[in-house]
Amino acid sequence: MSTAVTQTWYMTQRQLRVFARQPAYAVITLIQPVIWLFLFGSLFRKVVRLGGFGTTSYLDYLVPGVVVMSALGANMWAGMGTLEEIQRGTLDRFLTTPVSRAALMNGNVVNNGLVTAFQSVVIVLLGLLGGADYPGGVGGIVLLVLASVLLGTVFGALSNALGMVVRERESIIGINTFLLLPLTFLSSAFMAPAQMPGWMRDIADFNPVNWAMVAGRSAMSERPDWGDVLGRGGALLALAVAAVWLSIRTVRSYQRSV
Amino acid sequence: MNTRAPAVEARQLIKTYPGDVTALGGMDLTVAPGTVFGLLGPNGAGKSTTVKILTTLARPDSGTATVAGHDVLRHPDRVRRAIGVVAQHSGADPVATGRENLQLQGRLYGLRGSTLERRVDALLERFALADAARRPVKGYSGGMRRRLDVALGLVHRPEVLFLDEPTTGLDPEARAAMWEEIGRLAGEEGLTILLTTHYLEEADRLAERIAIVDRGRIVVEGTPDSLKGELRGDAVHVELREPVGEAGRALLTAALTAVPGVHEVLCEGRRISVRADDGAASVPALLAALDRAGAGVASATVARPSLDDVYLRHAGRHYAGAGADTALAGLAGGVR
């Protein structure tokens, strides 16, 4: 057990190095959320007057939405990295060593989680700089970051599983571009549920991206609805565990096909 | 542990990929400990699939294999601890430095602290990578990368080292250096090396025993000398001006076989290969026979037997043409 944990850490370190040594990549993952904050913040500034947002500043409402959306956007491409490692021969090299199979996949999960947490905190701080108000305090922020990490884990692990099984860039690109906008807009990212058409609200209830937003927003509000936070958070956790389990299983299916 | 036990033993390995592609059609293999064994064959012959199964990466559909005394299917973890693998694409981390790559590899085998550092230093020194140790691998030349790949495979002092096409894609200078390094490795106490290659010259030079692989099974096995010695006399290669058809081929084969001192004739497109007791002495008679048969000759050369001739004899095809699958199996059967 302790070996698997140590090995997971070695694999995580290896992945973090990519993030740390390629500053351009790191900068881009941080610039994009800034653009979202600025773009949507300006575009929808007056929408908050419609009511139902629980605040009078649209930025307050937008920050958790952008945090979760960025977590989705950053993690759903994880499979591309996995694919590159397969093509480079790195995965095969590790598979012929005694390294735990779970450690191989979990290294990705922990790495993505750390990067997502970092990215989320930066967005929250940028929001603060832009004048956003977080009545839920540090505790609320921590829960938002946690929710976005869980959501990132769900989509990161699924993307890795896809990379392992399908092994085509085109498939990952196709599925991601197909999913990204519907998942984002069929959620409360930019619009208060009260202002959404009823059918959209119903769909959003089944959207894990929305679960992360509802949980995070509620935790950050003045009077969190703990039922919402724990319910949605718990569902995200269950989904994340299932996705990671699936991604570890794909190692076996990969080995059947080589 | 019995030191006489084979380092690698495979029995009747069969592996089929989706779409009914038979990669291995009953592969048998025995490698004595402490030797360098060469699996020789063109691309697609089944060499890499064999290595993937022996290194626990892939599972055979049927058959058994042991490596360093451990069953690859029942105890893959024990096999993994005993082997070092240098695959065609070893995938050193391009963002990490050479040293970091080696450190991680060592840690995966449980090396820690000063033991690990000493081992990494020694390998960097040995593979002439000490100066580049702190640079990211993406800046390495092809030869440096390949040396790092081999070092990665050796970090935990394996009993059996797999080298899958170790010099493919290297320039001649880097290839010569790699050959020298593999030769040095072969001298190391107890290390068994299983090498795959599609270079005849490489197998001839490095391996103590060679198995020629064709279409997923071994067609012949022996020392390079015994394989070459099996071919009596010399090889005479004749290049015709024009390729001959099916009928012409039979005619030419009959005409040349009638020449005294000639044992075997193989006709393939414009190329005719003849095995003769005394090559130089047979050339005039061979040319005269071709002339009578009305075949124009572009060139004729006499050569001592090479592994190419061994391959030609056993696989029934010229080595260079084997990848393109110029199947002449029926004809070869007639010649044998």
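The backbone N, Cα and C atoms fix where each Cβ goes, and this holds for glycine too.
Automatic, uncurated: that is what TrEMBL annotation is.
Annotation source TrEMBL lists domain 'ABC transmembrane type-2' at A:24-254.
Long-range contacts of the transmembrane segment (A:24-41) within its own chain (CB-CB distance under 8 A, at least 6 residues past either end) are made by residues 18, 58-59, 62-63, 65-67, 69-70, 73-74, 115, 119, 122-123, 126-127, 130, 190. The transmembrane segment feature in TrEMBL is assigned to A:24-41 (among others).
Sequence annotations record features per position, and here TrEMBL assigns transmembrane segment to A:61-78 (among others). Within the same chain, residues 29, 32-33, 36-37, 40-41, 44, 48, 53-55, 108, 112, 115-116, 119-120, 123-124, 127, 132, 134, 144-145, 147-149, 151-160, 163, 172, 176, 179-180, 183-184, 187-190, 192, 209, 212-213, 216-217, 220 sit at least 6 positions outside the transmembrane segment (A:61-78) and bring their C-beta atoms closer than 8 Å to a C-beta of that stretch.
The transmembrane segment annotation in TrEMBL covers A:109-132 (among others).
Here the transmembrane segment (A:138-159) has Cβ contacts under 8 Å with residues 64, 67-68, 70-72, 74-80, 82, 105, 108-109, 112-113, 116-117, 120-121, 124, 172, 176, 208-209, 211-213, 215-217, 219-221, 224, 229, 232-233, 236-237, 239-240, 243-244, 246-247 of the same chain, all six or more residues outside its ends. Positions annotated as transmembrane segment by TrEMBL: A:138-159 (among others).
What TrEMBL records for A:171-192 (among others) is transmembrane segment.
Taken from TrEMBL, the feature transmembrane segment covers A:229-248 (among others). Same-chain residues lying 6 or more positions outside the transmembrane segment (A:229-248) and placing a CB less than 8 Å from one of its CB atoms are 101-102, 105-106, 108-109, 143, 146-147, 150-151, 153-155, 157-158, 160-161, 164, 208, 211-212, 214-215, 218-219.
Same-chain residues lying 6 or more positions outside the transmembrane segment (A:171-192) and placing a CB less than 8 Å from one of its CB atoms are 40, 44, 47, 50-54, 61-62, 65-66, 68-69, 72-73, 76-77, 79-80, 83, 159, 162-163, 200, 203-204, 207, 209-210, 213-214, 217.
Long-range contacts of the transmembrane segment (A:109-132) within the same chain: residues 8-9, 11-12, 15-16, 19, 29-30, 33-34, 37, 41, 57, 59-60, 62-63, 66-67, 70-71, 74-75, 78, 141, 144-145, 148-149, 152-153, 156-157, 244, 247, each at least 6 residues beyond the stretch ends and with a Cβ under 8 Å from a Cβ of the stretch.
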